[in-house]
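Asker: Would you mind keeping the following structure in view while I ask a few things?
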Amino acid sequence: MFHIVYKLEMMELKWRVCMLLLALSWSLALVQAQDEGDDIDVEDDLEEVGEESVEGEEEKPPSPPPVPKVTYKAPEPMGDHYFAESFDRGTLDGWVLSKAKKEDIDEEIAKYDGKWEVEDMKDTKLPGDMGLVLKSRAKHHAISAQLLRPFVFDTKPLIVQYEVNFQTGIDCGGAYVKLLSQTPDLDLDVFVDKTPYSIMFGPDKCGEDYKLHFIFRHKNPKTGQFEEKHAKKADADLRTYYTDKKTHLYTLVLNPDNSFEILVDQTVINSGNLLTDVTPPVNPPAEIEDPDDQKPEDWDERPKIQDPDAVKPDDWDEDAAAKIADEDAVKPDGWLDDELEYTSDPDAIKPEDWDEEMDGEWEAPQVPNPKCETAPGCGSWERPMIDNPNYKGKWKSPMIDNPNYQGVWKPRRVPNPDFFEDLHPFRIQPFSAVGLELWSMSSDIFFDNFFISSDRSVADRWANDGWGLKKAAEGAAEPGLVNQMMTAAEERPWLWVVSSCPSSHLASALAR
């Protein structure tokens, strides 16, 4: 399915690659034939396949093959879709810059005055591939565009995808999109954070918190109020997508059976169901604890109690000391009873500026007594203290099972008056526009190739023609011919070989 056609500037590279691959295949065949006792004339086969291409090779040293050049071509939607934007016209035609102000914040930062430009990516490998760039730091940005027609959640899936490149990294800011709900008062000129949306999807990062949002607004069928439902957090490590400064493709697939998939670079990193894998849950519990129920005053929640029939033994001495002197201890030989452990420093001298009237009588500082250094001890000897074997402490009744234990009290459960059951949360409010409403402490966030469809194959085709081409160009710029080939064609390198080698020669190789 993943098919990318390279336009190589020099035919020589094609022949060299083909000859390399064919020679490798023949070498393997030769080894196998030798093991089986057969003979294969590899030299004749090489002359048959590429006589003209190898003629004169021995007369000049081989030159390194040129790097394949991937020529950019803007993707074109090939099927039913609701929105497609590659920005390759180089303008913001069709997009509306918000003229509104945020409410409840300082006037100086309330305006949506962040700058947007359509321009090439920094260090682009595909000249001519333009995108939408958030240019300002610490500004509110808001821009939006109408869909070709509103998307209605009925029997077809929703596929939303777009590309993001954090060209200069990202400290704190979002790069998510909002699918703006179709409402009578939707006005893109005043698009703000409070503009109703049906789905919010995309990357968001602040500090070391890496997120990939999927939020949808669910309408309570009983109250008519909307509540945000957040998909469970992905188990995958998202850090690389924010730090490698590469272009990444973000895709959301939402199906009528309530299942969803979140993909990055066409790989599923999160999946689940709207009925089981969002917070808070779509449907409230059928029963709740009765808010009017109160615990009875005589309710006993104590699993253990002190034995009321227990009596303190007659020999229990509560006044016994915890420690007593060891009567078996003997003063060590050589103990210096008449020496103090510390003595005045004989070398100390009273400072010249010492004022006894102000500072009091001067005394030399205390230092360890040198006579005690070799002795077992100095000063008055006292018996060491040991645990008292008769010590029992204060007597307490032993604990026994409480015969009146009734368990931990809980309010009784009653039917939830707010209960409803929505088995089709997929039927979200229709949306008619796509918007970016962002605050970022980093600039130069590159957006490209927005696409909204209900056909997965159409969306995949758009992705391969857009993001796939970027990935191929990045791979082609890597050093090493083999690495160029493998990266450019990813998991299906033979598709690249098929497009590069003449079919007659390839068929000849495969026939062997």
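In case you wondered, yes, glycine gets a Cβ from its N, Cα and C as well.
Okay, these came from TrEMBL:
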type	residues	note
COMPBIAS	45-58	compositional bias 'Acidic residues'
COMPBIAS	293-315	compositional bias 'Basic and acidic residues'
DISULFID	C172-C206	disulfide bond
REGION	45-69	region 'Disordered'
REGION	273-315	region 'Disordered'
REGION	361-383	region 'Disordered'
SIGNAL	1-33	signal peptide
Asker: According to DSSP, how is the region 'Disordered' (273-315) divided among helix, strand and coil residues?
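Answerer: Counting residues per DSSP class in the region 'Disordered' (273-315), I get 0 helix, 9 strand, 34 coil.
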Asker: Note down the number of other Cβ atoms within 10 Å of the Cβ of C172 (disulfide bond), including every protein chain shown.
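Answerer: So the number of other Cβ atoms within 10 Å of C172 (disulfide bond) is 14.
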Asker: By a simple count, how many Cβ atoms lie within 10 Å of the Cβ of C206 (disulfide bond), its own Cβ left out?
Answerer: 14
